[in-house]
Amino acid sequence: MGPPSSSGFYVSRAVALLLAGLVAALLLALAVLAALYGHCERVPPSELPGLRDLEAESSPPLRQKPTPTPKPSSARELAVTTTPSNWRPPGPWDQLRLPPWLVPLHYDLELWPQLRPDELPAGSLPFTGRVNITVRCTVATSRLLLHSLFQDCERAEVRGPLSPGTGNATVGRVPVDDVWFALDTEYMVLELSEPLKPGSSYELQLSFSGLVKEDLREGLFLNVYTDQGERRALLASQLEPTFARYVFPCFDEPALKATFNITMIHHPSYVALSNMPKLGQSEKEDVNGSKWTVTTFSTTPHMPTYLVAFVICDYDHVNRTERGKEIRIWARKDAIANGSADFALNITGPIFSFLEDLFNISYSLPKTDIIALPSFDNHAMENWGLMIFDESGLLLEPKDQLTEKKTLISYVVSHEIGHQWFGNLVTMNWWNNIWLNEGFASYFEFEVINYFNPKLPRNEIFFSNILHNILREDHALVTRAVAMKVENFKTSEIQELFDIFTYSKGASMARMLSCFLNEHLFVSALKSYLKTFSYSNAEQDDLWRHFQMAIDDQSTVILPATIKNIMDSWTHQSGFPVITLNVSTGVMKQEPFYLENIKNRTLLTSNDTWIVPILWIKNGTTQPLVWLDQSSKVFPEMQVSDSDHDWVILNLNMTGYYRVNYDKLGWKKLNQQLEKDPKAIPVIHRLQLIDDAFSLSKNNYIEIETALELTKYLAEEDEIIVWHTVLVNLVTRDLVSEVNIYDIYSLLKRYLLKRLNLIWNIYSTIIRENVLALQDDYLALISLEKLFVTACWLGLEDCLQLSKELFAKWVDHPENEIPYPIKDVVLCYGIALGSDKEWDILLNTYTNTTNKEEKIQLAYAMSCSKDPWILNRYMEYAISTSPFTSNETNIIEVVASSEVGRYVAKDFLVNNWQAVSKRYGTQSLINLIYTIGRTVTTDLQIVELQQFFSNMLEEHQRIRVHANLQTIKNENLKNKKLSARIAAWLRRNT
């Protein structure tokens, strides 16, 4: 062994190997940690998307944008520091729901949008804001999560714990080490140097900035519009469902209710509105010396973030007082001067009073503002105390007297006022139960309007507005349930819940529940529910519990199961049942309603039955309620005899959410009754029989001939809504497009024209002699167009003549307005029966009008020409001349949709496809292929069509187009077989 060295540190070879192993293990661990920390993106505030745009624009004049500073001592005001890297470890920020560590109690919110009347924004404008959020800590944590998106956090402090009973006095401050954003889950994360204490309250103080956009109606947004001949701008908000986080950092979940003190800073020439009445105003100068108005508002009740609302505008208003509370309708100055807001003002107060009396709960806020925006994608929003509408859903102009608009405005206003109880006062706990808001608000639309207009046919209107559409959309296996059991929704999935199932199926559930109980019991349960959960949140089971309490307190209504078991069978299952009654045996069965009555049941769950209330009539007399609470059951009382007067109809007034089928004898008995005395069957059931029969035949439950038999009596039918249902089901777009391929047109013409005389004479006489008589006939207003277009398509001479008369009067004297319900048809046939002279008149009208709706009407009408050269010229104009360059209507698609235009458009595309693609985009070419190819029935036709378009599409587009054309071909082959059967039946019965 050699001598030891005089200096240094030595290890043995074994120790060296051990240390090398430890270093390797450490490096491996670091690699694993790096992979984990890179699990999701971590973004400091300065790198948020969209905020570079903000920095590129002129900074808000109120103060300079602060520059990041080093972490200060606790004695200095904290400026936010950020972690420079974009990684983050796995943690609560990966979850779709906020952790339950903090409960918000109160927000002090100030917003300062830089909107000036002398500098109209070009697409966007900056805003700044401050929010102080008082929270209660429930779990010790040094990481605070709240929602925030599209904002730059400029300052963050946490003060507390707050001393009990001393307001905002604090005993300390919790240093904030870092602020960063989890973009995918839309969180702002505050990293603290020490944990918050459970049971204590704190105040989060945040300053932020962002952008107000014009092109998106989410968060804060802009409308630029024209009023009194000048271009103006306004700012408004839409925070439902998850857009509050776009405006200010917050706890953006519906169950996290809090109170709000709101302050808006705005130009002195504007008025600021929010949920509560104005509390006071003061003046403020920015760094440039410009004066701004500071408007503060009273404290709100406890409410979720999605109901917070702001508007800054230069509007006028009309007002009235209802039970001591002010109601104001705000709109453009022109609209107020024209009286367009008067109708909404006159109905709003009485609707509030009706619902207050019905629920025995007064409206909670001291005022209501309702504002009409020139452009609002959501149509209407129920913000507490500040409801926001699109103009089309609130303003009634003199020219609207012959539209269904008056009734539709009544429904929309009733819906939003209904939300003041269902949604605002009592809010669903989470978005999976949004139907508790929207379904009941939709249902009470009809109850309100029926109360004020008892002569309106309530069942027929509910069918037309709600049932007809939802029953066509809701099919087992391919749709969703009304109430979702899943709670962890992504933001995009939450937005998708605002669909026909939430609104229309939800309303149908409420209506069915009301009918199998009774109105008194139904309202009594709702009163209890609303009172118990006022200013709070509820789940579906809470609602069922209060219904069960009401049922248990009486003995008149006896149910076969608990209300929860009954209603869960409807709200937790997709689709609906088809109920089939054998009138010979009295056997009733249920099965899920499937598209095309699929035979493969392998995807079914064991729970594929409903507890079905059966209200029914026999020989015109209402019978006691029965229940089908299993797959099959015998009801001897529903058997019919051989008597011609013996018949049964299930689903009284269509209050149950299901289709009804009968055995052959049952359908035969109903058909005999229709031919003998149709008025013995109520209008709603004539509607029901037609709609159910055609839907059942389309989906292979019964033969098409069974449905057609029900139309034989139509010569005696004088209810236009029944005719509308027949024509919608029989004269479909597919059938119209096939008239030159199959010999069905001449047969259908002879069959229907023999039966149209009565209904046609009624309404053609009204149109000629007293068209204003239609203004309060809602069912006629929504049905006339289909009657008129079918009569003219069938070549009814008087229809063509009336179209000529109305068109000529309008051309000669434009003040002679064409009745709105048939304006599209009259314009179309005016062009189809005319020459280039009439076409040029429409072009001139199109060029000079600024009304968007009228432009769309005229664009479609000009495509009705039968002259190929006119259609070619039209398409040339569409891609090259100024009248059409700003119009979003795809003129080429419109032309291609017509019988003559299909071939003209195909040839036009050969020479102009690049210009068409540039004007309308590549997707328009794909849409055109489907439009032009909607009659293909062979693979050869598909190949020919694809070869024709091959140079216009990319390879991936060709593959998609081929697959979709195959689907179209299969549909057309099915329609061809159906048309052949219809034609054969018509031959036997014409």
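Using N, Cα and C of the backbone, Cβ positions are placed for all residues, glycine too.
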His415, His419 bind Zn(2+) per Swiss-Prot; candidate in Glu391, Glu397, Glu438 listed for that same site: Glu438
Record-annotated N-linked glycosylation site (source Swiss-Prot) among candidates Asn346, Asn360: Asn346
Substrate binding, same site as His379, Ala380, Met381, Glu382, Asn383 - Swiss-Prot member from Glu240, Glu253, Glu519: Glu240
Where Swiss-Prot places N-linked glycosylation site when the choices are Asn319, Asn848: Asn319
Secondary structure of Asn346 (N-linked glycosylation site) (DSSP, helix/strand/coil): helix
Spatial neighbours of His419 (Zn(2+) binding site) among the recorded positions Asn132, Asn261, Met381, Glu382, Asn383, Asn653 [C-alpha, 10 Å]: Met381, Glu382, Asn383
Most crowded position, judged by CB atoms within 10 A, among Asn132, Asn319, Asn346, Asn383, Asn653 as recorded positions: Asn383
Spatial neighbours, same chain, of Met381 (substrate binding site) - Cβ under 8 Å, 6+ residues apart: Gln238, Glu240, Ala309, Met387, Ile388, Phe389, Glu416
Least buried by Cβ count (within 10 Å) of the glycosylation sites Asn261, Asn288: Asn288
Local confidence of the topological domain 'Lumenal' (35-990) - pLDDT mean: 89
Rounded inter-Cα distance in Å - Asn288 (N-linked glycosylation site), Glu382 (substrate binding site): 38
Spatial neighbours of His415 (Zn(2+) binding site) that are distant in sequence (at least 6 apart) but have CB under 8 A: Ala380, Glu382, Ala441, Ser442, Phe444, Glu445
Asn261 (N-linked glycosylation site) and Glu438 (Zn(2+) binding site), distance between Cα atoms, whole Å: 27
C-alpha spacing of Tyr503 (active site, proton donor) relative to Asn653 (N-linked glycosylation site), in angstrom: 20
Cα proximity to Asn132 (N-linked glycosylation site), best match among recorded positions His379, Asn383, Tyr503: Asn383
